[in-house]
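**Q** Here you go, one structure.
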Ligand code: SF4
Ligand code: SF4
């Protein structure tokens, strides 16, 4: 088996070996810049940096996941920026994609870790049964997800948590969280963790983070949830092309009424765009073809923590999760009983006082004076 | 900030139930107590009927008479303006209508967001004016209690956080929305135990008043 040592070719050489022209390369750099919301003046710098960059070794770990994130990254139409950027890294371990299996695959991981200690990137998709959970809930090659993660990140330069499961626990962590699922950032405290959330994440965001790392040798600016600001800095609602309808108060109320046909705002159909931060509204899906709201479906809030436990996908953001008329009526009835009892006791006391009253005559009073 | 979404889901979940339960228990306890206690028996022979004068007073006391208006025009005008603005924002903003529909199953048409936004802004300004007036008016200042300021604060906070959330002036948005919902919940919890109860008792009190006038045969 070939040693998956860190390749010595620079990225420029590697891309040329893949038949990418200089012109194509600059186009790639320009796309990278605009994707990361960097000014066009940065393009030459990006080109120079990428030209010289060494392809970093990437170890991709898949835990409790559905492979949707890998699908999102690899099934985009070719030839795309995603494919080109995949050429930017040396993907040394990805047990869904790699040809090797069993011991050979595990050996590839160990070799890559040794050869590139302190420099390799770890990409994780899927959540991890935590240290207190039964380690048998999810294993790879006989090792628990937790052990593999901790062993692999120990000498990593950084960890990229791809998808909402790795970033926030996602579906496996939804109530009642039977496997004690945890996110990468719950477990990895001593390495930089970048969250690329989404179920699945927009593929260009995954590649954008890699491109940024290659260009600047550093991680991008992150938001409060550890997500790259360039992609998660604004909410879906703020960038939504249906926003003018929201502002005017024009809403679709069913999926086939006039509002739906006219493309009005989907808030009343349960759109979670107002509380969701992701790049869908600007980058769109399927190579920029469309995106869920453009297709007429409300945003589910897939890039936010607890999105499976945030109430029905079809209830508006303002509707409480569990409160209903029964809660109100039961509490009201209890209150009525309390109020009735208090009043009855008071009335009873007055009546009793009335009954026991000792009448006094004027004569008696005068005598006392 | 990293727990903004958890905070929002807490305000929309367990906290909402708690607030609603305290509100319903407290309010019903107070209303039933008031109604069961009723008024002490009046042994005097009634001069006229009670019911109609009762309702008439509910109406007449709602609209200030010219004398009151002349004496305290600020109270009347600003009082009306912010009460109406508050009710419009509460009852005619589409997300609020959805909330009521989600909990009670009843709904009605709403107003376009910019209209509600305008009334909310007016309400905020009027509320500030009422506070300034209360703190500068020599008599009002002396008769104001801690409870008065507390009630003003919670009403103001409910409207202010709603305005901030609608305009997305606080980041991240789940935090802004969570703050607004939490303020509304504190409002609900305080309602049965403070002067806020007048939302429900004002009209009952007016009716009792009018009925008493009617019984005595005086103008209601
Ligand atoms: S469709 Fe959703 S994201 Fe778009 S404006 Fe309406 S609520 Fe906001
Ligand atoms: S529109 Fe919303 S639910 Fe759909 S992919 Fe984007 S963030 Fe996720």
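Glycine is treated like the rest: Cβ placed from N, Cα and C.
Automatic prediction, not curation, is the source of TrEMBL annotations.
These numbers come from a predicted model, not from an experiment.
Found this in TrEMBL, in case it helps:
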BINDING   A:66, A:69, A:165, A:199  [4Fe-4S] cluster 1 binding site
BINDING   A:237, A:240, A:265, A:271  [4Fe-4S] cluster 2 binding site
BINDING   A:280, A:299, A:302  [3Fe-4S] cluster binding site
DOMAIN    A:66-212  domain 'NADH:ubiquinone oxidoreductase-like 20kDa subunit'
DOMAIN    A:232-313  domain 'Cytochrome-c3 hydrogenase C-terminal'
**Q** For the [4Fe-4S] cluster 1 site given as A:66, A:69, A:165, A:199, which other residues of the same chain have their Cβ within 8 Å of the site's Cβ centre?
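**A** For the [4Fe-4S] cluster 1 site the neighbour list reads A:65, A:67, A:68, A:125, A:126, A:163, A:164, A:166, A:170, A:171, A:200.
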**Q** Specify all same-chain residues, apart from the site residues A:237, A:240, A:265, A:271, whose Cβ lies within 8 angstroms of the center of the Cβ atoms of the [4Fe-4S] cluster 2 site, ordered by sequence.
**A** A:236, A:242, A:243, A:246, A:266, A:267, A:273, A:274, A:293, A:298, A:299
**Q** Among A:69, A:199, A:240, A:265, the binding-site residues in the record, which have a C-beta under 6 A from ligand 1?
**A** A:240, A:265
**Q** Between the Cα atoms of residue A:271 ([4Fe-4S] cluster 2 binding site) and residue A:299 ([3Fe-4S] cluster binding site), find the distance and write it as a whole number of Å.
**A** 5
**Q** When neighbour density is defined as the number of other C-beta atoms within 10 angstroms of a residue's C-beta, which of the binding-site residues A:165, A:271, A:299, A:302 has the lowest density?
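**A** Each of the binding-site residues A:165, A:271, A:299, A:302 was scored; lowest Cβ tally within 10 Å is A:302.
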**Q** Filter the candidate list A:165, A:240, A:271, A:280 of binding-site residues, keeping only entries whose CB is under 6 Å from an atom of ligand 2.
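**A** Once distances to ligand 2 are taken from each Cβ, A:280 fall under 6 Å.
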**Q** Would you identify the secondary structure of residue A:280 ([3Fe-4S] cluster binding site) according to DSSP, in three states?
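**A** It is helical.
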**Q** What other residues of the same chain, not counting A:280, A:299, A:302, have a CB atom within 8 A of the CB centroid of the [3Fe-4S] cluster site?
**A** A:198, A:236, A:272, A:273, A:276, A:278, A:291, A:292, A:293, A:300, A:301, A:303
**Q** Residue A:199 ([4Fe-4S] cluster 1 binding site): which of the binding-site residues A:237, A:240, A:280, A:299, A:302 is the nearest Cα neighbour?
**A** A:302
